């Protein structure tokens with residue numbers, strides 16, 4: 001029921017009914033105060049979306065929202081205040097926030113304090129082995145009891161200290177969300193708020209991890225590129241509460257439910273996205289799932305068999321907490337990495353480094369094409385994105401014989417683009433996906449391995465002389481040709497460009513045997529592109545540039561042979577039409 005109330009609050013936020021959402025959230029906190037984990041998420045989301053403009057309506061908004069929030073608290077606390085006075089309120093708060101229970105629960109929740117306790121324990125054991133600091137107090141946090149305790153080596157942690165960590169980490173993450181301005185969905189604000197409370201909070205219960213998974217589920221459904229991370233944190237949530245179910249009957253039930261839930265997640269993710277299940281099970285995640293299973297098997301079956309039920313009885317629980325806390329730490333770090341924009345910085349640096357290596361032609365090996373006569377099979381690869389969610393794409397790879405252009409096959413695959421689009425750096429978002437699909441097709445059907453691949457986009461004709469076709473060629477080891485349908489050089493070159501293209505059209509009409517016009521707008525730089533065709537809008541047509549492992553003149557002759565009467569080179573056209581049809585069928 002409480003989850004339903006929270007979802008109702010999210011529904012009102014989706015409808016921009018902020019007062020209703022605040023009222024429902026206030027009711028929720030009065031039902032169960034642990035939902036205060038979401039409070040900072042609400043605060044920042046309201047500042048961003050409800051109080052975003054400073055005008056005369058601000059006092060009215062504060063009045064309405066304040067009334068909505070205070071009403072449930074008044075209904076809950078005023079009767080106690082009337083009968084018992086202020087002391088009754090203090091007693092209630094003391095019961096709601098029992099700081100005397102200690103930093104961690106009897107079974108450590110998988111958060112930062114598990115790692116902190118373990119480090120303290122290891123340091124204490126080292127002092128015993130090295131026989132230094134004999135006056136250190138032996139740790140009591142491994143007794144499996146709910147109590148206050150002191151750390152042996154590391155500084156003790158107070159409730160105020162944990163609260164400061166919660167607030168500071170939340171402020172950093174929330175301000176980063178607002179500053180970058182790319183995330184406006186409340187579900188990510190709620191997730192980050194709950195994650196900070198869970199990771200640094202005082203006396204956190206392991207079951208509180210569900211407060212992270214609920215809003216993150218909504219966020220991942222809206223942003224499918226995060227589904228694999230959702231499955232990851234869901235498995236941690238499942239395994240972290242397994243020790244609470246320890247009877248023989250419960251062991252069978254918990255494993256059956258856990259396995260069913262995991263398989264159901266994969267099934268629904270596959271059905272929703274149509275991408276291969278392997279996308280949701282990267283190697284690192286699978287290794288971690290294996291560690292989780294080994295820790296659980298050790299806890300349930302092996303430990304008691306080796307040591308007995310009463311010896312080192314806290315050790316298997318500590319092991320489970322440790323493995324899960326490492327997973328939660330990785331999840332937290334991944335979220336912060338994306339929020340702070342470090343992933344974009346990293347991808348930009350990686351792209352620039354790859355481009356320098358491509359231009360030097362020293363690192364990436366390729367089966368180059370020196371003569372047109374060496375080409376027997378050509379391919380065309382293109383990608384089409386969904387209109388409803390641009391992260392959903394279909395990649396199509398068409399194969400033709402050369403030079404008679406007999407269609408051999410077309411392969412297609414659904415994918416999720418995880419990297420956001422960065423202007424002038426489209427290769428960051430698409431190149432690796434395209435190249436991986438080409439390699440997969442060539443491995444499964446080696447007879448269809450092309451000698452040349454046409455890529456939709458530019459090659460060496462690029463602001464950094466390294467466009468999409470160059471990246472795909474370097475990553476696949478197959479020579480590539482860039483074929484673009486539109487040409488844009490910016491407003492500063494618009495007049496010169498239009499004059500040049502008008503002259504180019506006349507040249508194409510008068511020199512049909514040649515089949516192309518060299519694009520030498522700037523005589524100071526070498527020609528990197530040839531024009532094969534111009535449409536009614538002179539900035540659209542067929543523009544060919546060399547990609548990787550091929551020279552421009554050879555690329556141009558192959559492109560002319562593949563153009564014929566089509567609007568673009570036939571392999572590209574086939575891949576484009578196929579991917580568009582599948583996007584409409586699956587996603588739009």
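Just so it is clear, glycine is given a Cβ too, placed from its N, Cα and C backbone atoms.
All annotation found in TrEMBL is predicted automatically rather than curated by experts.
Feature annotation from TrEMBL assigns transmembrane segment to 25-48 (among others).
Residues or ranges marked as transmembrane segment in TrEMBL: 60-82 (among others). Through the fold, the transmembrane segment (60-82) approaches residues 18-20, 22-23, 25-27, 29-30, 46, 50-51, 88-89, 92 of its own chain, all at least 6 residues removed from its boundaries and within a Cβ separation under 8 Å.
The transmembrane segment annotation in TrEMBL covers 160-180 (among others).
Annotation comment: TrEMBL describes 186-205 (among others) as transmembrane segment. Panel annotation: around the transmembrane segment (186-205), residues 10, 13-14, 36-42, 44-45, 98-99, 101-105, 109, 111-113, 157, 159, 162-163, 165-166, 169-170, 173-174, 177, 211-212, 215-216, 218-219, 222, 328-329, 331-332, 335, 339 of the same chain, lying at least six beyond its termini, place a Cβ under 8 Å from a Cβ of the stretch.
Annotation comment: TrEMBL describes 288-308 (among others) as transmembrane segment.
Under the heading transmembrane segment, TrEMBL lists 314-340 (among others). Among residues of the same chain six or more beyond the transmembrane segment (314-340), those with a C-beta under 8 A of the stretch's C-beta atoms are 107-112, 114-115, 118, 142-144, 172-173, 176-177, 180, 183, 191-192, 195, 198-199, 209, 229, 232-233, 235-236, 239-240, 242-243, 288, 291-292, 295-296, 298-299, 303.
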